[in-house]
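Working notes for the structure below.
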Amino acid sequence: MGVGTLLIAMPQFFMEHYKYERYSPVSNSTLSISPCLLDSNNSLPIPVAEKSQSKINNECQIDASSSMWVYVFLGNLLRGFGETPIQPLGIAYLDDFASQDNAAFYIGCVQTVAIIGPIFGFLLGSLCAKLYVDIGFVNLDHITITPKDPQWVGAWWLGYLIAGSITLLAAVPFWCLPRTLPRPRSREDSSSSSEKSKFIMDDHTDYQTPPGEKAKIMEMARDFLPSLKSLFGNPVYFLYLCASTVQFNSLFGMVTYKPKYIEQQYGQSASKANFVIGLINIPAVALGIFSGGIVMKKFRISICGAAKLYLGSSVLGYLLFLSLFALGCENSDVAGLTISYQGTKPVSYHERALFSDCNSRCKCSETKWEPICGENGITYASACLAGCQTTTGSGKTTVFNNCTCVGLAASKSGNSTGMVGRCQKDNGCAKMFLYFLVIAVITSYTLSVGGIPGYILLLRCIKPQLKSFALGIYTLAVRVLAGIPSPIYFGVLIDTSCLKWGFKRCGSKGSCRLYDSNAFRHIYLGLTMMLGIMSIFLSTAVLFTLKKNYVSKHRSFRTKRERTMVSTRIRKENCTTSDHLLQPNYWPGKETQL
């Protein structure tokens with residue numbers, strides 16, 4: 001995991017420095033510059049222009065043949081290898097060797113501690129997002145954009161270096177663990193395993209084996225297909241797997257684009273979005289997971305109770321999620337995109353035009369996104385499109401003067417100046433953002449309460465010898481069928497609400513600079529809600545199927561309990577006295593020992 005994390009950061013050291021669209025190639029200049037005239041008159045000699053175009057073409061060829069994605073792919077591949085023993089095998093080991101009453105609590109503790117990582121990750125990401133991507137490589141005094149600018153790119157690679165180094169340090173104690181971990185001898189004598197015996201009628205002799213016996217890899221490989229068939233033939237496991245996959249599609253898509261949603265909907269910076277998610281939202285998830293484990297331990301909830309708690313938390317969580325539809329902000333006032341240049345009314349899709357009479361004499365680029373905020377509170381795509389005649393200052397303190405389009409929609413004061421950057425949204429949006437955080441925290445807590453009951457349901461609905469294998473298939477399905485596709489189709493649908501696309505130096509389409517806030521909100525929240533409703537229906541099917549199987553087996557067990565009580569006691573005594581003669585195929589911890 002440590003090596004893979006460090007490998008992901010390597011492209012930063014092999015790629016060229018980040019380049020963004022600038023207002024002027026002249027820095028630290030006190031002369032008045034006219035963006036409009038500079039764009040309308042080509043001041044470059046023909047040989048210089050041809051040389052610049054040739055250089056751009058060469059850079060485009062280099063970018064097209066870039067293979068930096070290989071480092072990210074290999075890094076994530078190594079991280080996947082390292083995470084495997086921790087989740088499926090670690091959870092299975094806890095459930096094997098902890099008592100029935102304490103298993104949910106221990107698993108809840110492990111999952112809660114695992115959430116602490118994302119908390120520090122988001123806080124570290126918030127810090128890195130404030131730092132310019134090429135910090136330490138370029139002179140920061142010449143950077144003219146701020147973290148609130150859509151063109152800003154933070155030091156994404158710095159967090160991977162820090163996390164990778166910490167992971168390498170955390171790997172040291174693992175080398176001090178023994179090759180095999182001890183197993184309690186009196187596990188089967190505990191009366192707490194009665195529920196498992198009611199639901200899974202299995203031979204108790206399968207749990208006894210000499211401590212020194214080792215599993216064989218060929219034996220595991222030979223049992224793979226029969227074990228897979230047994231898992232998918234279990235209706236409870238299969239329905240729970242489908243419900244979890246659909247729900248994680250909803251959650252992964254929501255979490256992936258939540259920072260972007262906060263930025264575009266409420267006008268917050270990327271740094272602040274990561275900060276509030278890490279400081280408020282993720283701890284709520286950790287508390288919810290821990291609470292689920294406490295509830296399972298304190299009230300000794302059965303497997304049917306765990307299914308009900310899992311379903312109830314999903315229903316309540318998505319009902320709370322519905323209220324987020326009402327907590328949105330209106331679009332920013334951007335001339336030619338959301339309102340007209342006169343600033344009178346919103347414009348429709350067919351009326352959107354960045355060119356107007358006020359900037360008709362300026363030969364401006366329609367593809368550039370260099371936003372300035374006019375004194376009238378309207379954002380313009382560039383100083384040229386705002387019709388600005390002169391500029392004073394440099395860098396982040398640049399002031400544009402005599403802007404004809406700003407004066408056209410100016411207030412009574414008649415100011416026609418503009419500043420670098422987008423205009424802030426109104427004060428009412430800040431209040432909406434506060435309400436959004438409160439509802440998001442409560443929703444995250446409610447949904448995560450069902451995490452541990454879901455794990456217990458997964459572990460109890462299958463044969464004990466398939467526990468690690470079932471957890472591995474579950475983790476694989478969630479990551480492959482939810483972790484990979486959900487950010488892709490979420491992003492494709494969200495991009496349909498884009499109002500202004502950026503363009504790369506080679507002319508290809510880049511990232512979106514401005515979204516339609518209303519369309520973004522309905523697509524982002526609507527898709528999350530739709531997937532959540534699908535998972536609720538599947539969870540309901542899990543509960544009905546579980547009740548049908550559990551009640552029938554529990555009734556059969558209760559009617560035969562008097563007949564089997566004596567024979568079970570005799571079998572236990574025989575197993576204890578003749579333990580050295582038994583050579584079974586499974587014992588608790590077999591897969592973790594392998």
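Just so you know, glycine gets a Cβ as well, placed from its N, Cα and C.
Feature annotation from TrEMBL assigns transmembrane segment to 103-133 (among others).
Among the features that TrEMBL reports, transmembrane segment is placed at 153-177 (among others). Sequence-distant contacts of the transmembrane segment (153-177), counting only residues of its own chain at least 6 positions beyond either end whose CB sits under 8 Å from a CB of the stretch, comprise 1-6, 8-9, 11-12, 18, 20, 121, 124-125, 128-133, 135, 147, 270-271.
According to TrEMBL, the transmembrane segment annotation covers 237-255 (among others).
Sequence annotations record features per position, and here TrEMBL assigns transmembrane segment to 275-295 (among others). Panel annotation: around the transmembrane segment (275-295), residues 104-109, 111-112, 115-116, 118-123, 125-126, 258-259, 262, 268, 301, 309, 313, 437, 440-442, 444-453 of the same chain, lying at least six beyond its termini, place a Cβ under 8 Å from a Cβ of the stretch.
The transmembrane segment annotation in TrEMBL covers 307-327 (among others).
The average pLDDT for the domain 'Kazal-like' (352-407) in the predicted structure is 84. Feature annotation from TrEMBL assigns domain 'Kazal-like' to 352-407.
Under the heading transmembrane segment, TrEMBL lists 432-459 (among others). Panel annotation: around the transmembrane segment (432-459), residues 91-92, 95, 103-104, 107-108, 111, 236-237, 240, 244, 251, 262, 265-266, 268, 276, 280-281, 284-289, 291-293, 295-296, 301, 303, 305-307, 309-314, 316-318, 320-321, 323-324, 327-329, 467, 470-471, 474, 542, 546 of the same chain, lying at least six beyond its termini, place a Cβ under 8 Å from a Cβ of the stretch.
If you look up TrEMBL, you'll see 471-494 (among others) marked as transmembrane segment.
According to TrEMBL, the transmembrane segment annotation covers 523-546 (among others).
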Tally of DSSP helical, extended and coil residues in the domain 'Kazal-like' (352-407): 10 helix, 11 strand, 35 coil
Folded-back contacts onto the transmembrane segment (307-327), same chain, C-beta under 8 angstroms, at least six residues removed: 247, 292, 295-296, 301, 432, 435-436, 439-440, 442-443, 446-450, 453-454, 457, 521-522, 525, 528-529, 532-533, 535-536, 539-540, 542-543, 546
